[in-house]
Amino acid sequence: MKLTCVVIVAVLFLTAWTFVTAVPHSSNALENLYLKARHEMENPEASKLNTRYDCEPPGNFCGMIKIGPPCCSGWCFFACA
């Protein structure tokens, strides 16, 4: 039981150490990531996650059985809603 706990703690420590040392060489890399995320929260247009280039706009044919890209709205009944 003690050995299992020691192994679990060691794995968690090594995993955390890997993530800490995997940061780019800049001394304020974590701060830059935080500021970028905060900027995207304050300005949703700056976020790349909000844009979908692989979806069909409303009115386009979307198919009966998911032929082609999905609709941007998520609703498909022969044509995107």
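Just so you know, glycine gets a Cβ as well, placed from its N, Cα and C.
Same-chain residues lying 6+ beyond the ends of the signal peptide (1-22) with a Cβ under 8 Å from its Cβ atoms: none. For 1-22, the entry in Swiss-Prot reads signal peptide, with the evidence type sequence analysis.
The disulfide bond annotation in Swiss-Prot covers CYS55-CYS72 (among others). Around the Cβ of CYS55 (disulfide bond), 16 further Cβ atoms fall within 10 Å across all displayed protein chains.
As annotated by Swiss-Prot, disulfide bond applies to CYS62-CYS76 (among others). CYS62 (disulfide bond): 21 other CB atoms within 10 A of its CB, across all protein chains. CYS62 (disulfide bond) falls within a strand segment according to DSSP.
Summarising the annotation, Swiss-Prot assigns 4-hydroxyproline to PRO70 and lists experimental evidence as the type of evidence. Other Cβ atoms within 10 Å of the Cβ of PRO70 (4-hydroxyproline), summed over all protein chains shown, number 16.
Of all Cβ atoms in the protein chains displayed, 20 besides its own lie within 10 Å of the Cβ of CYS80 (disulfide bond). The annotation disulfide bond is assigned in Swiss-Prot to CYS71-CYS80 (among others).
Sequence-distant contacts of TRP75 (6'-bromotryptophan), defined as residues of its own chain at least six apart whose C-beta falls under 8 angstroms from its C-beta, comprise ALA81. Annotation comment: Swiss-Prot describes TRP75 as 6'-bromotryptophan, evidence class experimental evidence.
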Cβ neighbour count within 10 Å of CYS71 (disulfide bond): 20
CYS76 (disulfide bond), number of other Cβ atoms within 10 Å: 20
